[in-house]
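Read the structure below first, then the notes.
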Amino acid sequence: MKLDKTFESHLTSEWRQQYVNYEELKNLLHTALENAPNPRDKNVYDVYCQNFNDEFYAKLTTELKRVNEFFEYKMAEARRKHATLKVKLLYIKGQSEANVTGAVKGLPPLADQPRNLRKLDRAYAEFYFSLVLLNNYQQLNYACFFKLSQKCRKYFPTSNGPRWIQSTLDVTPLNIDGVELREMISEVEDLFTQYITDGDRGKAMEKLRVPPLGQPTSMGYVFSAGVFMGLFIVSIVVCVISAYILFSNTKQFFIFTRLFRGSFLLMLYGFSVVANVYVWQSMGINHVLIFDLNPRNQTECLKLLSTASFFGYVCVLAMLLFIHHKEFGVRDPFYIPLVGLVLPVALLINPVHIMNFPARMWILQCFGRILAAPFCYVHFADFWIADQLGSLVQCSVDYYQLIRFYVRYSMDRENTFDFEPDAMVSVLRCLPAWFRMAQCIKRYRDSPMKPASYLVNAFAYGSTLVVGVISTIQMETSDKYQSIFENPWTWGYLVGTLVSTIYCTAWDLLQDYGLFKVWKGKNIFLRKRLIYPKWVYYYAILADLSIRFFWAFEVYLIYNNLLLPNNIKTLYSICEIKRRFIWNTLRLENEHLYNCGNFRATRDIYVSALNSRDELLVKNLLDESRRNTEARRDSNATKVTHSDSPPS
């Protein structure tokens, strides 16, 4: 593979700005070659080559200095982390031996030893991953500098190239400390094998090693995704045509939509998440780091597409069976929609290691922390999923009403086909806002800086809760008035919704998207750093504004009897899923840029604080490491000096 493709596919996106400007320097070489005078005019050509060589190697040296500064910074960070984890490992293993001795003597075991060992297991695995990334950084940059020097020598014959490599490139920390870095990687493997996995090296490397970058997706997932997607497309076309032809009766169509709308919205949302993951991976946004996922077991786009297509295909088959139940000899078609309710639950809690088992367990863990929002530490994934629930309110309401329908249907009650809202519907509409408000308050309490932005965000979700309560009262009292505008609660609902909408829209655009940082120039109303094309951001602004204010359009349609409330809710739910797709796209981009600004490419796993004795041990290990590094650099400098000295 050419270095250009290797460079782009193997670089760490959070460190992109810290790599050598390979493309720029390569283009500089090509431009100089095109503008070079005729080699036949030897004097002019030699002067041109010499001047360009001096200019080019000066730029190359400047780039090398910048790359070296970042590499030295990350190496110092790695040495400190390595020494800290080594001390922690010895301390925890000392605790373990003390527990064994204490058990023999009848003493109680030391607390939290297994828990700290599990944390150390994760911390070492993440540290190993960071060393692998740093090793890739060192090798890629060294290869780029070497290749550029070779290209310059090829295009403009001179002795500067080999001399620059030997006297400048090879004596820098980028080359010398690379040896130390690889020794550190080997030492981590040995320590992990000896102390964490009790000598089982195969098990240790299974936990430590990360799949190679650019690894192709399994052909099984490619095949299943293609098959299910093809079947889904064909079946959805047949379903739309059948529903249009057969459901001439408005009441029949109403019952059909109420029974299947929940599964349809969940199906639509599933495909939007697949599209989100595809966009993130295509644009180099590290969603694995942002969601605190294990990079050794990533959920690829085709795996998600396979699951989403399977669920969509089964749901559409259930719709077709409901529509054509007479042709298939089904006497009672009203139990068919149960498929759309049971299948997602079965897929989510299925203990078998199929259908993205790690991703499903990750979602369940996030759900558990969301339900305990005021008491659990809030991760990014927790409030991200809680925000997703806010866009799936209608889906959860439809599933609840479907369950209520089956309870009434089994009891043969007269109001079986009435899908009127009740108190539980109001609770379901308010729950996502409550989860997010509780998470914001929890984050404020846990943060040592006590940023006011958490409370401001909590107020936004609190306003949504107030609107939900007022909306419930307005619906309960609407029968007492001939017109909705005669009801005073309607005006309270309109004012509350207007305030909440303005507040939430401003938060979306300013905080979640990070826009309106620039007020003039080519990026007007946007920000300095952009990953997507500019039109995406302007479209996102317009889409967010229009969908956030959809409620005003809804009031107009209902007041003038232009559309049934059920159809309006269906239309709004589809628009809200589209808005959530845009929000996911830009929210993770904004978080990714924050990680890039802090050069954060791996997860931070806290084990426990160091005491004064541990700090002294870490200091001694760092001093020893520094002496070894200095000795290695002095030895390398001596070799270069001897090689440069003339023969006697």
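Each residue, glycine too, has its Cβ placed from N, Cα and C.
The domain 'SPX' annotation in TrEMBL covers 1-166.
Summarising the annotation, TrEMBL assigns transmembrane segment to 221-247 (among others).
Taken from TrEMBL, the feature transmembrane segment applies to 259-281 (among others).
Taken from TrEMBL, the feature transmembrane segment covers 301-322 (among others).
Residues or ranges marked as transmembrane segment in TrEMBL: 334-355 (among others).
The domain 'EXS' annotation in TrEMBL covers 416-619.
Look at TrEMBL and you will find 452-473 (among others) tagged as transmembrane segment.
Here the transmembrane segment (493-515) has Cβ contacts under 8 Å with residues 453, 456-457, 459-460, 463-464, 466-467, 470-471, 474, 525-527, 537, 540-541, 544-545, 548-549, 551, 555, 583, 586-587, 590, 593 of the same chain, all six or more residues outside its ends. The transmembrane segment annotation in TrEMBL covers 493-515 (among others).
Residues annotated as transmembrane segment in TrEMBL: 536-559 (among others).
The feature region 'Disordered' is assigned by TrEMBL to 628-648.
The compositional bias 'Polar residues' annotation in TrEMBL covers 637-648.
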Worksheet item: What same-chain residues lie close to the transmembrane segment (301-322): Cβ under 8 Å, and 6 or more beyond its ends?
Response: 217, 221-222, 224-225, 228-229, 231-232, 235-236, 238-239, 242-243, 256, 259-260, 263-264, 266-267, 270-271, 273-274, 277-278, 281, 328, 330, 333, 336-337, 339-340, 343-344, 347, 355-356, 359
Fill in: Arithmetic mean of per-residue pLDDT over the domain 'EXS' (416-619)
90
Response to the item:
Long-range Cβ contacts under 8 Å made by the transmembrane segment (221-247), restricted to residues 6 or more beyond its ends, are 253, 256, 300, 302-303, 305-306, 309-310, 312-313, 316-317, 319-320, 323-324
